[in-house]
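A.B. asks: Sharing a structure with you now.
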Amino acid sequence: MDLRWTAEQEAMRDKVRRFAQTEVADVIPQLERDDEQAFPIHLVTRMAELGLMGIPIAQEWSGAGADFISYIIAIHELSRVSATLGVILSVHTSVGTLPIVKHGTEEQRRQYVSKLASGQWLGAFALTEPQAGSDAASIRTSATRDGDGYRLDGSKLFITNAGAANVYLTFAVTDPNRGTRGISAFLVGRDTPGFHIGRRERKMGLHGSSTCELLYDGVQLSADQRLGGEGEGFTIAMGALDGGRIGIGAQALGIAESALQLLTAALTKRGAKRPAPPPAARAAHAELAARVEAARLLVYRAAALRQQGRSCTKEASMAKLFASDTAVEAASAAVRWCGEQGYAKEYAAERLFRDAKVTQIYEGTNEIHRIVISNQLLR
Ligand code: CAA
């Protein structure tokens with residue numbers, strides 16, 4: 001694997017790093033408000049102006065026409081400063097827009113992709129339900145044939161970007177007798193009658209990101225709002241999640257790097273008047289530095305495979321699993337070894353700790369990723 005960035009990838013890294021440091025870092029307290037106003041619409045607008053909302057999408061569809069690695073670099077760099085912006089971008093692009101590029105008809109691409117890739121619209125991915133988190137195949141939201149179209153009934157839970165999105169890629173059962181082959185994907189617009197944004201979740205971390213339930217009450221859809229063929233929804237979802245999990249790996253990597261940086265600064269600050277760092281802190285520091293490096297390699301290895309159009313199910317799961325565990329360990333060590341500041345609200349370590357935790361849980365829990373990896377090895 002070539003570990004040098006191309007000029008284009010370096011330019012992306014520099015652009016996103018500059019944006020994060022000069023325009024995002026100062027408004028973190030605003031994103032931490034944990035209310036409806038916390039969603040950083042102004043920053044998402046800026047990201048659209050900077051061409052970040054459709055990085056791996058062709059210019060023909062109003063994207064930046066850059067490669068998948070550049071896109072992962074952007075999530076990684078953003079998440080070093082704000083994991084909230086990292087997840088907004090990852091969900092919007094990987095699972096909100098790219099499935100339409102891949103599976104959409106020419107007309108669907110024309111109708112949706114340009115608005116999403118330019119950042120005029122925000123995308124969301126509605127798979128999870130109250131009783132169907134890890135076992136995605138057991139969703140109950142139904143899409144019943146109704147004339148030439150469908151009628152959607154049911155609900156979704158913990159949907160990222162929900163409060164601010166314009167298009168919701170929604171998965172529903174079209175044939176309850178066919179298991180995963182009885183699930184289909186639909187494009188539901190925010191203003192569709194019968195579709196409602198439900199309760200907003202108050203979360204431990206990622207306060208600026210909008211997470212809500214979605215309600216579908218007799219939502220009428222035309223047949224051309226179905227994405228892909230009838231019964232292809234589960235495969236569309238899983239394929240999209242392969243890419244999405246690399247994005248979440250990059251988000252976790254950004255959190256881990258920030259935590260390691262805090263820890264390094266805290267151990268350096270000790271100096272002449274303060275005692276040397278305890279051996280346990282030094283050991284944790286060294287261990288984490290090695291783990292962060294390994295996480296970086298796994299994330300970019302999976303991204304390189306995805307970019308080449310090769311299968312990356314196992315590698316995406318490995319990257320997400322390892323990077324998220326590393327993020328939690330790194331943030332926990334920063335809380336532990338940054339002295340009294342580590343536990344203080346005003347300091348970044350406790351936010352990183354809260355933000356890190358969900359990376360082990362969403363886009364497939366790490367327990368699911370262990371199963372996916374083992375299944376792939378046993379195939
Ligand atoms: N790519 C393409 N197709 C795939 C695939 C992949 N990676 N993985 C499975 N499939 C296909 C299989 O080939 C199979 O197709 P056929 O019937 O044609 O053979 C079909 O899907 C069923 O596969 P499985 O038998 O492996 O499916 P399963 O029911 O055993 O489930 C699972 C597998 C991996 C556990 C799945 O349920 C899963 O991923 N669960 C976790 C759900 C998840 O990640 N949710 C994330 C929600 S979004 C989110 O979190 C966003 C956010 O907020 C940040």
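Note that Cβ sites are derived from N, Cα and C of the backbone, with glycine treated the same way.
Pulled these from TrEMBL:
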DOMAIN    6-120  domain 'Acyl-CoA dehydrogenase/oxidase N-terminal'
DOMAIN    124-219  domain 'Acyl-CoA oxidase/dehydrogenase middle'
DOMAIN    231-377  domain 'Acyl-CoA dehydrogenase/oxidase C-terminal'
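Tell me about the surroundings of these features in the structure.
C.D. replies: Counted with DSSP, the domain 'Acyl-CoA dehydrogenase/oxidase N-terminal' (6-120) comes out as 85 helix, 0 strand, 30 coil.
Residue counts for the domain 'Acyl-CoA oxidase/dehydrogenase middle' (124-219) under DSSP, split into helix (H, G, I), strand (E, B) and coil, are 7 helix, 51 strand, 38 coil.
Secondary structure of the domain 'Acyl-CoA dehydrogenase/oxidase C-terminal' (231-377) per DSSP (helix as H, G, I; strand as E, B; remaining residues coil): 121 helix, 0 strand, 26 coil.
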